[in-house]
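The following features are taken from TrEMBL:
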type: DOMAIN; residues: 1-82; note: domain 'GST N-terminal'
type: DOMAIN; residues: 90-215; note: domain 'GST C-terminal'
type: SIGNAL; residues: 1-15; note: signal peptide
Amino acid sequence: MAIKVHGALFSTCTARVLICLCEKGLDYELLPIDMVAGAHKQQPFLSLNPFGEVPAFKDGEVSLFESRAINRYLARKHKDIGTDLLLSNSLTQSALVETWMEVEAHKFDSPSSVILRQIIVIPKYGKAPDEQVIETEMEKLGKVLDVYEERLSKSKYLAGENYSLADLHHIPHLVYFMKTSKASAITSRPHVSAWWNDISSRPATVKISATMSLL
């Protein structure tokens with residue numbers, strides 16, 4: 001039975017899962033959810049994710065939500081297929097992957113989400129972005145990126161010399177972020193910029209980012 005992803009192409013969380021699936025070379029079916037019409041807040045979608053957020057995921061009898069949890073599942077189940085995204089052959093390396101996945105989820109995601117909402121989403125509703133909010137969140141993001149710059153001066157990727165979920169999980173937000181006037185936050189940091197140029201040019205990233213349509 002084919003893997004089914006219930007989501008929306010513009011959704012960063014949906015894209016996070018689709019990039020993982022492509023890295024693994026797995027077949028899947030994307031079932032579009034009309035979020036503009038509020039389908040994610042109604043049945044039958046709520047039976048898949050009671051929090052009304054995309055994506056929802058089905059793999060046979062396995063039903064999951066939360067993009068990062070889905071990707072951990074895929075990486076563990078299919079560790080011998082495609083890219084080993086958890087670096088599972090080394091306890092130390094896999095622990096570093098988990099560490100930097102936590103950093104992405106708890107340090108990077110929040111300021112980048114707020115910034116993207118202010119710059120991209122709010123204007124779509126005819127409202128002006130709050131420049132003070134953007135400035136505050138850019139300061140927070142800058143501090144995170146300074147840590148990344150230091151880390152990436154010592155290793156090619158966040159968890160070491162091999163690409164992993166720790167890197168992949170950043171991609172959807174950065175796809176949008178790099179199209180904004182704030183992209184210099186990445187390009188002005190040479191090691192972060194080199195990292196982004198690398199991970200954004202991977203075939204799976206290129207394929208899925210081409211379908212992301214929020215802008």
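Every residue gets a Cβ built from N, Cα and C, even glycine.
Per DSSP, the secondary structure of the domain 'GST N-terminal' (1-82) breaks down as 30 helix, 18 strand, 34 coil. Summarised by DSSP class, the composition of the domain 'GST C-terminal' (90-215) is 89 helix, 2 strand, 35 coil.
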